[in-house]
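Copied over from Swiss-Prot, here are the features:
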type	residues	note
COMPBIAS	60-89	compositional bias 'Basic and acidic residues'
COMPBIAS	128-201	compositional bias 'Basic and acidic residues'
COMPBIAS	222-239	compositional bias 'Polar residues'
COMPBIAS	240-263	compositional bias 'Basic and acidic residues'
COMPBIAS	300-310	compositional bias 'Acidic residues'
COMPBIAS	311-320	compositional bias 'Basic and acidic residues'
COMPBIAS	1157-1169	compositional bias 'Basic and acidic residues'
COMPBIAS	1181-1194	compositional bias 'Basic and acidic residues'
CROSSLNK	482	SUMO2 cross-link
CROSSLNK	483	SUMO2 cross-link
CROSSLNK	504	SUMO2 cross-link
CROSSLNK	1166	SUMO2 cross-link
MOD_RES	56	phosphoserine
MOD_RES	199	phosphoserine
MOD_RES	224	phosphoserine
MOD_RES	260	N6-acetyllysine
MOD_RES	1194	phosphoserine
REGION	60-320	region 'Disordered'
REGION	1155-1227	region 'Disordered'
């Protein structure tokens, strides 16, 4: 280390001297010599080879020639040429001004020459150089001209230009090795942006040439207020130039050489060799052409000499700083060296103006189509009015206009529906609510606010990006972390789907149920049976049953009707002649009661006592008592009209009045009339037994007295706005009070049950030291293993809280229930004749339902019932009994079923409550449209096949037609997708992302085909749940679709219907959809608006439809259903051809033909009507003959007379025996 104490240019950090100062950073000032740099011209150095004399000679010759050329003005000159000429004049003045400036170009060669690659040493001869310059001068004198040559010649010219450029560049490179620096640095200015504004030229205002001014300014550091023009560079020049490249003169090339660095952005250069510009401390990073250097190279020396030591030290510091800047730059550019970092305001302004001119307003395909429609309509109006006349025919007319199909609509009604035949005695529709303006009805329409909030939170939580999970990310893929798929129980080992897996209860019911209440623990099963109220009147009941074929039994909930009646009949010997059947309105009730009775009889479930529900038959050859749903018994009556293998049938919970129950009443009334040995027992928990007795012909009514345990009923003081929140609070209050016993909460539907269960669990987690509570939901769609959990005993010290729909109202005895919380609402299926669809809606319950629910609390001990409505509402706002399902639902399937059972005249069928006339006529009209009924109201072969499918008639028709069209595989998937609720979901906050992903599945012609595409994509992804979540699809709904498809496929196999695929020809699928929904067709009216073809009612495409916002709107569409919200929205829309509608729906539509007149159309319509009238007359004649034959066969009506054959009895038509007196016969 040298002594640096004397050097003031060294920045030094001194240590702390405690005597003189506390500490800090001391920066010594620079010397005056380092503050002010003095630039000195280097001494002239003669060339050893005499090159300086040769260079000055050539320079003088060129200047003389240039002076002569300046006198001749070019026809076209540019601003750049003028600028360069100014630069040349200033150069000339400077060269004449001082002696040091004469050798400036010679002094510019600071760097030592590198070792060149050996090449051709020469350049071109002086003669060729002179000829070339002369040719350029002559060409420039002619000015700029426009060529009208052909494109082919222009391309040749262009290729010659490129060849010439290439040769010229090569010659310049060769020549530059032995020429001056100015010639070696040259290159033509290139630009690729022809129509755009030029990049700004950064020129020093006070500089004559790039060799002066800014490079001689004093060092201003980073904070200098005066910035060099290099610090705001222009965009990097590109390679190409316009067609004038080779037409530039030698002078122009030289000028471009001189002006290049003042116009173009210099690039960064590493300082591995000495660059004198590196001591400029503004860190520009670009190498200027010329500089008047500080140091000078002495003759014969390789190093650099400095005048003072300060200069040397400054130069070394700057070199180190330049090297440091070079290596610290990112990708060769930093904030100062980036050529794209800064631009002048003028350039930015001109660039923005240019882009603004080019900018066009974005127009969507929908808006473009709307504009075209408007323009076409306006043109058509003007032409029609005669204001303007068409002078030219538009040859670019659309082909669609030429081939557009115009449909004519007919209002054809078959003779059996024209009013001459009456089908029902109930003309007005029945509304399932007592007062639509009551508090309960309004709250039911609004729904629960808690449910709405919970739904939004759940969707948001489900759809949020889980950044903390490694699975599915790139890091997770590297580490081998994969997303775990949920196990699919429905898929067997061989990959097939078993849709019965989740519906099988027998496997979960094998275990013996343990007693949980004190009553069940202390008493044996026999003692429990004897404790029931029905045990006291056993003999009286059996006597009445023996004496009468039909008996009405009325008893309160919990009296033992369901479990004991079947056993009493079995013990009385009725099972010797056939099975005892007991119908239940719900599957869970049938399964749980069968299990209880099998335990009381000491057998296994499925042997002596069994049950049969949809998808599962748990019976055997030895079964004597069979519990089943009413739908199962209805299907059995199809195969066997008289139900011969039953000796007694118990219709349990008749007050429920389900659709199947009402149909069974009418059928069993006829069966009992034909079979005197069949016993029919109808049980009900309500007091409307007189209605049942009158229906069956004033049959006896038997009352079972008393209830097992008393129930204390508590009403709410005020109406509850949010029934879910009120139920949660009440359940927590009961639970925390410490009273023993389980809780049963009644809710309207599945979503309400799930929200209530979640809310109870959340509130309990917030409490400290809260007693344990097992929350168990139960509803019909719940898997069987979870449904069976409610019958199992909870661990000791744990209270059960069961949240259920009205599935738990009837025949469901859960041991230990002491508290019932009644929300006061239930879901009912209601038919809307206007849209022709059933809808599940929330309605207030009836008084009969309320009594049933309170009865659940007194089955195994005294209990309490909390009603979340006022006593006034119970008396004034609730109906006495629930409106029967047959009066509020679509009857199409019922009509089909009755027709298939042989009921020709529906008015003669015995309905306990006749259905409304509108519902009946709508259903029969729909069946006639679909071809299930003929013109006389008789069942067709298509209708007989439609009965087998548990589907809406239109979906059944679609499946049947698909077999003929060869696309049954695709239609089976579409029908399955339509049988489940919503497939897609839109979480709040991610609506746009959800819509974008949904658009990927969209098939522009059809929403039905979009559903098909979704299922096929899910299948291709191995039925993945993760794939569903990523694409905002309900995985549970997709699994349900797969189960429905498997079930329908089994039915098709049983009916010997072929399963075929149409491949990628999905037009056949659209035609098949049209065959089932042509009666729900709409045509385009105006812009984006449709109207129903038959009714003229306006319809709108739903925003989620694949056809919504499409550039082309089809003329005709069919839709699956109408949804009434803010507008009449069509859901599940498919574009169809007008000719398909006329072909598949001839009763409504026909194609308008130019050749046919109105008279011909009227004549054809009259012929069709007369043909139908003839058919109807023939059918009426046949019906009359059949009725007369029936009357002859049974003169006493429906009741069959019993004949006792005795000795001496003479039949009609037999000759009398002569030995016997005519008066003596009989006993």
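We count from 1, first residue shown onward.
Glycine too: its Cβ is placed from the backbone N, Cα and C atoms.
As the structure is a computational prediction, the values presented were derived from the model and not from experiment.
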**Asked** What is the total of other Cβ atoms whose distance to the Cβ of residue 56 (phosphoserine) is within 10 Å?
**Response** 14
**Fill in**
CA pair residue 1166 (SUMO2 cross-link) / residue 56 (phosphoserine), Å rounded to integer, equals 116
**Item:** Secondary structure composition of the compositional bias 'Basic and acidic residues' (311-320) [DSSP: H/G/I, E/B, coil]
**Value:** 10 helix, 0 strand, 0 coil
**residue 56 (phosphoserine) in three-state DSSP notation** = helix
**Complete:** Counting every protein chain shown, other Cβ atoms within 10 Å of the Cβ of residue 1166 (SUMO2 cross-link) number 10
